[in-house]
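See structure below.
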């Protein structure tokens, strides 16, 4: 009798427990940012869902995504991309459509909505400077950043057209709201490139990774650095002689997508929904100064008052900013980058 | 006069040759798989559109772009510059090593080889620490009053060249050192006893006899330098853009595998051309040396 009871108990237990937990792979950018996403977002969400999540890190998400999808060897279920790359990936049909029955469609403001890559946090491309060089009197606008007579010093910009051409136009007196309409004319792009060419002799380094830009700022290799606000904030917090401003920043968002043909599509959608709950994207700001896209995350004191100032999307920071336009970049990105590279080679 | 060979012995020799050949099959197989197949794949890729149809558009796009040609010029400047400095620094060093006592030579050789045992990324970032604006070298220069302002040693062509020479010098040195060590010392003694000065000995005995080593070293330096990516990417500060960085741009910014493949083939052709040219030059030189020695 006891034998029967034992085997029945064993049977009941094994039926109650899934044979094996759902396993998923998430690909992030790694570094401080990747760790922040893990601690605040996907690790607690995975625990809640009972998923076994593995992490891969890559700095070149879109190239890897394309490689995986076209070769049919998809190694990740969720991929972290910049929104312009997300839009590009969607245009090349590299992503599954998001399942808005699982993910709450109301969690994204109308302007930021995407059918393929879910925007979850935002960052600003900002002006940062060495406080030893400029003391209390740093440049305040992009026009002053370009003014090498008034503000002598070595500049560092990103070796990429993205954000650089927007900033170039702002420095030339274009209003934030008009940046993309100006850029959409052939003369507009040329104007931006000419402006970059004008500052080129004073650019000591054209950086290629966010970590590199932070290093340049921290080491004083450059006096004026265009970088992402999270990187600048980290240097400042670590005691570097650096400060930055959100005035005139270019605000972009990062997003989460599911590669076309991903092995665990539905579970991936569920994890995206769970890891981007307002409390979790608010918690992300504990680790890195990238603010949530979901407006609900700013309510109910989820983010401490004093930290709001360090986020690109905080209401008082957003006034002079340009919102990066993914659609424009999908359409004109290659031409813009080509023009940028030609300027660099001259 | 003909030599008659025992047929049994000849059969043995044949069997032996066949056996040795069969031993090399696994290696040949791996080389075929790891080198030839990917190259064929890249060639195919260079003729495909993003949609997978056959086209020559990738070639016309890449070859008509001014960026390709300026990258090609940068590639050649970097590799020829690296080679020139390697020859200037490496040849006297090899001569010193070859003429040193074996114990001293071994010790010096260990120092030369040390960088080879360090990962390239570590070495490259090491140069960054030394060369940057508040780095060790600039601190010493400005601290001692030799220069008023820090010198721009890195994030430019100079820094890239320094990093590349550092990587390539040991690889250049090895064949040159080997060639010089193999020179029969009696030849040098003979030359000296006939009244040759040191300069004449170097010019007429040592250099011709080590030319083979210098050529092998040069081939290694050029073939490696042409494909260098990490050093220009880290030490070039975005301003030094050889073909390898164009390939990276095509892949990571544009996801344009077609153009990247064309650029890869361009690199391959460049390497083949340089290889052929160096071999031809070597043959020519060998003939001249023979002719000169008969004159």
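Don't overthink the numbers, they just go from 1 along the chain as shown.
Every residue gets a Cβ built from N, Cα and C, even glycine.
The list of residues near the transmembrane segment (B:19-43) in space but at least 6 beyond its ends in sequence, with Cβ under 8 angstroms from a Cβ of it, reads 261, 264-265, 268. Taken from TrEMBL, the feature transmembrane segment covers B:19-43 (among others).
Taken from TrEMBL, the feature domain 'ABC transmembrane type-1' applies to B:72-278.
With a threshold of 8 Å between CB atoms, the same-chain residues lying at least 6 positions outside the transmembrane segment (B:78-100) that come near it are 108-109, 112, 157, 160-161, 164-165, 168-169, 172-173, 176-177, 180-181, 183, 202, 206, 210, 213-214, 217-218, 221-222, 225-226, 228, 232, 240, 242. Here TrEMBL flags B:78-100 (among others) as transmembrane segment.
Positions annotated as transmembrane segment by TrEMBL: B:107-128 (among others).
Listed by sequence, the residues of this chain that lie at least six past the ends of the transmembrane segment (B:153-174) yet keep a Cβ under 8 A from its Cβ atoms are 77-78, 81-82, 85-87, 89-90, 93-94, 97, 112-113, 115-116, 120, 123-124, 127-128, 131-132, 135, 137-138, 217-218, 220-221, 224-225, 228, 231-232, 234-240. The transmembrane segment feature in TrEMBL is assigned to B:153-174 (among others).
For B:212-236 (among others), the entry in TrEMBL reads transmembrane segment.
What TrEMBL lists as transmembrane segment is B:257-281 (among others). Residues 39, 42-43, 45-50, 55, 57-59, 61-63, 68, 72, 75, 215, 218-219, 222-223, 226-227, 243-244, 246-247, 250-251 of the same chain lie 6 or more positions beyond the ends of the transmembrane segment (B:257-281) yet place their CB under 8 Å from a CB of it.
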